[in-house]
Amino acid sequence: MSLLLVIFLLELVVQLVNTIGAKTINNLLWRFYLSIPGSPLAKDFAEQRAKQKEYLQVRHDLNATSSQDEFAKWARLQRKHDKLMDELEKKKSQLDAHRTSFSRKLTIYRWILTRGMQWFLCFWFSSQPMFWLPYGWFPYWVEWLVSFPNAPMGSVSIVVWQSACSGVLALVIEAVMAVVRYTGGTGMQKQRQPVPAAGGAPGTSKKDL
Amino acid sequence: MSAAVVNVDEPEKMEPTLQSILDQRSLRWIFVGGKGGVGKTTTSCSLAIQLAKVRRSVLLLSTDPAHNLSDAFSQKFGKEARLVEGFDNLYAMEIDPNGSMQDLLAGQTGDGDAGMGGVGVMQDLAYAIPGIDEAMSFAEVLKQVNSLSYETIVFDTAPTGHTLRFLQFPTVLEKALAKVSQLSGQYGSLLNGILGGSGTLPNGQTLSDVMEKLDSLRVTISEVNAQFKDERLTTFVCVCIPEFLSLYETERMIQELANYGIDTHCIVVNQLLFPKPGSDCEQCTARRRMQKKYLDQIEELYDEEFNVVKMPLLVEEVRGKERLEKFSEMLIKPFVPPE
C-alpha cells in the first residue's frame, strides 16, 4: 500500500478517535470485551448482572414486607439484602479494578498506534518524497515550504502531507457533524440528546490521545 | 410440603434452656447483652448463679456505666472483685470504662506531674483517636481479669450499641496501632532527632517508651480478640423482650456479632406475660396477644440455630439472692405457664 494512503488512513483514524472521544471508545471496547463469551470477565459480568437483578428483587420484597407484622420474613430478607449488597460491592470493586487496567492498556495501545505511529512515520520517512510537484508551477519558497523539513526540493514531504490530510479531514468531519446536528435538531427529540455530546467530544478528547 | 418441612425441622430444634452454656466447660467469657431495660442484669445475675453451681469460680463483671449489680444483689460492689453474699465462688465487680481510663492514665506517669502538665502523651493520644480511651481501659480491665484465675467470667454489658463498640475496638485499635508502630519504626529516629539528643517529649517521656507501651497494649488486645473469636471460649447471650424494637436490635446485634466472628446461640426472651385463663384484664390480654405475635416470629426466625429461652414477667422485682435464685431456675427448667 502506498505511503500516501497509509498516512491518510492514519489521520482518518486519529480524527475519528478525536470526534468520537477516547472515553466512548474505551467504554465500547470494554462492553465488547465483557460480552465475548469465552473471556474470563464475561462470566463475572453476567454474575454481577444476575446479582443486581436479584438484589433489586430482594429490595422490592423488603419494601413490600412489613417488619412489624412479619418480622421473621423481614429479617431473613434483610439478611439476604445485606449479604447481596456486600457481594455486589466486592464484585464491583473487582470489576472496576479490571476496568481501570483495561483502559490503561487500551490507552497505551491507542497512543502507540496513533500519535506514536505518526511521529515514527514522520521521522522514518522524513527525507522521502511523497509525490513530486509539476516542475516550475510553484515559486521557490512554496517548493521549499512543502518539502519541509528534509524531503528533496520540488517534492511534498511526509509532514506536509500529514498536516494537509488532517486539515482536510477535520474540515470534512466538522461539516458532517454540522449536518448531523442540523438534521438531528430538526428530527426526533430522542436523537437530539446524544448529538451535542458527540459534537462536543473532539475538543475534550483531544487531550486523551 | 409443610409436613416435610416440619419433619426436617423437628430434630434441629434447639433446647429452650441455657443448659448448653452450663455444659460447655471450655467457656471462659460469656457476654450478656441487649437493649436497655430488657433485663440484662437480671439475666446475667441468674446465669452467673447457675454457673456458680457447676463451676469452680465465677466472676460477674458489669461494664454498664449505670451499675445495676449492686441493685440486683442489694450489696455494694466496686472496682475490685468482691464475693457475693451467700455464695462461696461467685464474685462480682463493677467497672466504669471511663473512670478506669483516668486511673490508667494517672497510673502510668506516676511522677506526680499529673496535676501540672497533664498526664502526657498517652492522654493526648487517648483523645486524638476516637474510641481509643475506652478501648484502652477495656483492654486494661481484661488484662487484669485475665490474670485472675476465674473459671468463667460473665459480662453484664451496657446497652447494645455500647457492647458492639466494645467488641469492635480490638479490631479497630489493632489496625490503628499497627500503623502507628510502623510509622514510628520508620520515622522514629527522625522524630528523636527533632526532639533533641535525649529524645524526650515535652513532658519527660521518651518516644520509644510510648511506643513500647502502645505495642504491649496492642499485643494484649490481639490476644483478647483471638479469645473472643474462639467459640469454645466465648459466647454471647442476647436478651430481648417480645417487642418490635427489641427484636430489631437483637437481629442487628446477631448479624454484627456474626460479622465479628463472635459466637452466639442463645436468646433469652424476657418479660413474657401469662395472664390467668379467666383473667378479665383487658390490657394484659391485649399485650399478651402482641407478645404472642412477636414470639411466633422469634420462634420462626431463630428456633433452628438458637436456644430460645422464655422467661415470664413476675409480679415482684427480681432482687436479692433468693428471688434471683428462683428466677435463675427458669433458665434451666423451661417455665410452664399456668393453664
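Placed from the backbone N, Cα and C atoms, the Cβ positions cover glycine too.
Nobody curates TrEMBL annotations by hand; they come from automatic prediction.
Annotated features, as they stand in TrEMBL:
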ACT_SITE  B:ASP64  active site
BINDING   B:LYS35, B:GLY36, B:GLY37, B:VAL38, B:GLY39, B:LYS40, B:THR41, B:THR42, B:GLU243, B:ASN270  ATP binding site
BINDING   B:LYS35, B:GLY37, B:GLY39, B:LYS40, B:THR41, B:THR42, B:GLU243, B:ASN270, B:PRO312, B:LEU314, B:VAL318  ADP binding site
BINDING   B:THR41  Mg(2+) 1 binding site
BINDING   B:THR41, B:ASP156  Mg(2+) 2 binding site
BINDING   B:CYS281, B:CYS284  Zn(2+) binding site
DOMAIN    B:28-332  domain 'ArsA/GET3 Anion-transporting ATPase-like'
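With a cut-off of 8 Å between CB atoms and residues at least 6 apart in sequence, the same chain places B:VAL239, B:ILE241, B:VAL268, B:ASN270, B:GLN271, B:MET311 near B:GLY39 (ATP binding site), listed in sequence order. Within the same chain, residues at least six positions away from B:CYS284 (Zn(2+) binding site) with a Cβ under 8 Å of its Cβ are B:LEU273, B:PRO275. In the structure shown, the C-beta of B:VAL318 has more C-beta neighbours within 10 angstroms than that of any other entry among the binding-site residues B:CYS281, B:VAL318.
Straight-line distance linking the Cα atoms of B:GLY37 (ATP binding site) and B:CYS281 (Zn(2+) binding site), rounded to a whole number, equals 24 Å. Here the Cα atom of B:GLU243 (ATP binding site) is found 14 Å from that of B:PRO312 (ADP binding site). Proximity note: of the listed binding-site residues (B:LYS35, B:CYS281, B:PRO312, B:VAL318), none has a CA within 10 Å of the CA of B:ASP156 (Mg(2+) 2 binding site). B:CYS284 (Zn(2+) binding site) carries a helical DSSP state (H, G or I). Counting only same-chain residues at least 6 apart in sequence, those with a Cβ under 8 Å from the Cβ of B:THR41 (ATP binding site) are B:SER62, B:ASP64, B:ASN68, B:LEU69, B:ASP71, B:ALA72, B:ASP156. Counting only the Cα atoms, the space from B:LYS35 (ATP binding site) to B:CYS281 (Zn(2+) binding site) is about 28 angstrom. Within the set B:LYS35, B:GLY36, B:GLY37, B:VAL38, B:GLY39, B:LYS40, B:THR41, B:THR42, B:GLU243, B:ASN270 that the record links to ATP, no two Cα atoms are more than 19 Å apart, and one pair reaches that distance.
The Cβ of B:PRO312 (ADP binding site) has 17 neighbouring Cβ atoms from other residues within 10 Å, across all protein chains displayed. Mean pLDDT of the predicted structure over the domain 'ArsA/GET3 Anion-transporting ATPase-like' (B:28-332): 79. Look at the recorded positions B:ASP64, B:ASP156, B:GLU243 and count other Cβ atoms within 10 Å of each Cβ; B:GLU243 has the fewest. Residue density at B:GLY37 (ATP binding site): 12 other Cβ atoms are found within 10 A of its Cβ, drawing on all protein chains shown.
Between the CA atoms of B:PRO312 (ADP binding site) and B:CYS281 (Zn(2+) binding site) there is a gap of 17 Å, rounded to the nearest whole number. Distance from the CA of B:VAL318 (ADP binding site) to the CA of B:CYS281 (Zn(2+) binding site) is 23 Å.
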